[in-house]
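What follows is a single structure, written as structure tokens, with notes after it.
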Amino acid sequence: MKRLTILGSTGSIGTQTLDIVRQNPEQLEVFALAAGKNVQEIELQAREFKPRIIGLMEEKAARELKQRVADLDIEVVSGMEGLLRTVTDEVPDTVVTAISGRIGLEPTMEALKVGKDIALANKETLVAGGDLVMGTAQRLGRTILPVDSEHSAIFQCLEEDPRTLDKIILTASGGPFRGWSEEQLQEVTPERALQHPNWAMGAKITIDSATMMNKGLEVIEAHHLFHMEYDQIDVLIHPQSVIHSMVQYCDGSVLAQCGRPDMRLPIQYALTYPTRWPNPFERLDLRGKTLTFFDPEDYDFPALKLAYACGKRGGTLPAVMNAANEVAVHAFLARRVAYLEIIGLVDKVCSEHDVLDATDLETILNADHWARIRTEELIHG
């Protein structure tokens with residue numbers, strides 16, 4: 001029996017993780033759940049999965065939940081302290097970091113320090129603190145298994161000596177606006193941007209997929225997860241989202257991992273590794289399908305170029321880029337900035353940052369804090 005703490009249990013990845021638990025009650029058990037403030041959803045989860053601890057970031061929401069589940073034997077905690085409580089208890093074996101944004105960095109670090117393995121769906125953790133997180137995991141002998149479909153695909157293809165690896169190829173759908181003119185992009189609304197052609201995801205990651213910032217974040221994540229230089233990480237536009245990623249070896253051989261665009265598959269693999277479990281999910285059928293690929297250079301994706309540049313520069317710059325992007329995306333969703341302003345804001349904040357070595361958590365969090373304040377200042381004008 002594997003016992004889980006699920007951070008971000010009410011979000012897209014979190015609810016799909018619980019679906020995997022639901023399918024495998026003899027192998028998986030929920031020890032703790034954590035979310036932001038969705039009291040109604042997490043109460044339903046509490047009554048079904050009977051966790052021992054629930055953490056909510058918002059204190060008011062935690063108080064309400066405590067009243068709602070008073071008939072259950074559940075400890076309700078709040079804030080970052082509560083979030084850390086869910087990951088540092090001795091009972092859970094694996095922490096699923098499905099929480100959105102840089103906020104996942106601290107609980108990931110604390111979970112590693114107390115000996116937990118990580119099923120990582122929170123790419124911002126490695127973007128902001130990749131060297132620190134991976135160094136901690138390596139030093140303590142802990143495993144970080146990727147949940148992102150692209151990185152799970154790469155992980156599944158890396159069966160040989162890593163010294164024979166030539167490069168990795170991340171695929172991207174290109175989002176809903178590939179090939180659109182600047183005039184068309186000026187009219188993009190949050191509702192339109194939230195209509196991803198292939199994947200069902202949360203709001204923030206869906207906007208990131210439209211701008212291609214999500215792929216930029218994944219490039220930085222891949223750099224840390226697989227210890228690859230940035231010039232060994234390629235991106236290909238693959239609109240059908242059937243091939244999730246590829247690896248190329250030194251002899252020219254290419255291995256690709258294929259599957260339906262269903263996040264439950266990489267989630268399950270991260271929870272069952274190194275074995276595989278059967279499931280009732282719909283299978284991939286390639287009959288009649290045409291698979292196409294395009295160079296992202298054929299389109300204007302400034303976010304992808306910015307992410308490569310920030311990743312190569314390193315230090316605190318990726319954390320600043322990520323923080324500025326989080327603020328800008330939420331401002332777009334709140335109709336405070338236009339779609340085309342998102343990456344411009346991020347670029348401006350990055351250009352103003354005095355980069356430091358990201359050697360400790362405090363330095364990273366300070367850079368993150370500065371970037372959020374500066375982005376808000378630019379939005380307010």
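A Cβ is built for glycine as well, from the same backbone N, Cα and C atoms used for every other residue.
Under the heading NADPH binding site, Swiss-Prot lists T10, G11, S12, I13, G36, K37, N38, N122, E124, G202. Cβ-based neighbour count (10 Å, all protein chains) for N38 (NADPH binding site) stands at 18.
Per Swiss-Prot, 1-deoxy-D-xylulose 5-phosphate binding site is recorded for K123, S149, E150, S173, H196, S209, N214, K215, E218, and the stated evidence type is sequence analysis. Counting only same-chain residues at least 6 apart in sequence, those with a Cβ under 8 Å from the Cβ of K123 (1-deoxy-D-xylulose 5-phosphate binding site) are D148, L217, E218, I220, E221.
In the three-state DSSP reading, D148 (Mn(2+) binding site) counts as coil. Its own atom aside, the Cβ of D148 (Mn(2+) binding site) has 27 Cβ atoms within 10 angstroms in the protein chains shown. The Mn(2+) binding site feature in Swiss-Prot is assigned to D148, E150, E218.
H196 (1-deoxy-D-xylulose 5-phosphate binding site) has S12 as its nearest neighbour among the binding-site residues T10, S12, G36, N38, E124, going by CA to CA distance. Taking the binding-site residues T10, S12, N214 in turn, the residue surrounded by the fewest other Cβ atoms inside 10 Å of its Cβ turns out to be S12.
On a Cα basis, N214 (1-deoxy-D-xylulose 5-phosphate binding site) lies 21 Å away from T10 (NADPH binding site).
Same-chain residues at least 6 positions away in sequence with a Cβ under 8 Å from that of E124 (NADPH binding site) are, in sequence order, S100, G101, R102, G104, L105, L217, N322, E326. Closest to E150 (1-deoxy-D-xylulose 5-phosphate binding site) by Cα-Cα distance, out of the binding-site residues S12, G36, N38, is S12. For G36 (NADPH binding site) paired with N214 (1-deoxy-D-xylulose 5-phosphate binding site), the C-alpha to C-alpha distance reads 22 Å. Separating the Cα atoms of N214 (1-deoxy-D-xylulose 5-phosphate binding site) and S12 (NADPH binding site) is a whole-number distance of 16 Å.
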